[in-house]
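Feature list (source: Swiss-Prot):
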type    : residues                : note
BINDING : Q26, E31                : Ca(2+) 1 binding site
BINDING : D58, N60, D62, E64, E69 : Ca(2+) 2 binding site
DOMAIN  : 13-48                   : domain 'EF-hand 1'
DOMAIN  : 45-79                   : domain 'EF-hand 2'
MOD_RES : S2                      : N-acetylserine
MOD_RES : S42                     : phosphoserine
Amino acid sequence: MSAKKSPEELKGIFEKYAAKEGDPNQLSKEELKLLLQTEFPSLLKGPSTLDELFEELDKNGDGEVSFEEFQVLVKKISQ
C-alpha cells in the first residue's frame with residue numbers, strides 16, 4: 001500500500017480491520033498485526049516489532065489503537 005492515501009482512504013482501511021472483532025472504532029493487537037502484515041509488510045520485522053509498535057501507538061494504554069493513534073504511524077512512515 002502506498003503511504004500516500006487520502007484521509008478517507010486511511011479511515012476506510014482502519015475501519016475494515018477494526019471491524020473484525022470487538023470495538024469497530026479500535027484496533028486490537030491482532031487486528032493491527034493483520035493490517036500491518038497486509039498493508040505495510042515491511043514494518044513488521046518480527047514479533048517484538050509488533051509489541052514495540054503497539055505499545056508506542058497505544059498512547060492512552062487501553063490495549064487498543066484508535067484511528068487517531070493509528071494516524072501517528074501513518075505520518076511516521078510517510079515522511
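Just so you know, glycine gets a Cβ as well, placed from its N, Cα and C.
Where Swiss-Prot records a feature, it is marked here on the structure.
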| residue | record | DSSP (3 states) |
| --- | --- | --- |
| Q26 | Ca(2+) 1 binding site | strand |
| E31 | Ca(2+) 1 binding site | helix |
| S42 | phosphoserine | helix |
| D58 | Ca(2+) 2 binding site | coil |
| E64 | Ca(2+) 2 binding site | coil |
| E69 | Ca(2+) 2 binding site | helix |
- Restricting the comparison to the recorded positions Q26, E31, S42, which residue's C-alpha is spatially nearest the C-alpha of E64 (Ca(2+) 2 binding site)? Q26
- Note on the structure: Taking all protein chains shown into account, the Cβ-based neighbour count within 10 Å for E31 (Ca(2+) 1 binding site) is 21
- Where among the recorded positions Q26, S42, N60 do you find the Cβ with the fewest other Cβ atoms within 10 Å? S42
- Using a Cβ-Cβ cut-off under 8 angstroms and a sequence gap of six or more, which residues of the chain neighbour E69 (Ca(2+) 2 binding site)? L57, D58, K59, N60
- Over the domain 'EF-hand 1' (13-48), work out the mean pLDDT and round it to an integer. 89
- Item | Cβ neighbours of E64 (Ca(2+) 2 binding site) where a neighbour is any other Cβ within 10 Å | 20
- Task: Please determine which of the binding-site residues listed here (D58, D62) has the lowest count of neighbouring CB atoms within 10 Å.
- Result: D62
- Task: Can you grab the distance from D62 (Ca(2+) 2 binding site) over to Q26 (Ca(2+) 1 binding site)? Cα atoms, rounded to a whole Å.
- Result: 10
- Between Q26 (Ca(2+) 1 binding site) and S42 (phosphoserine), the C-alpha gap once rounded to whole angstrom: 23
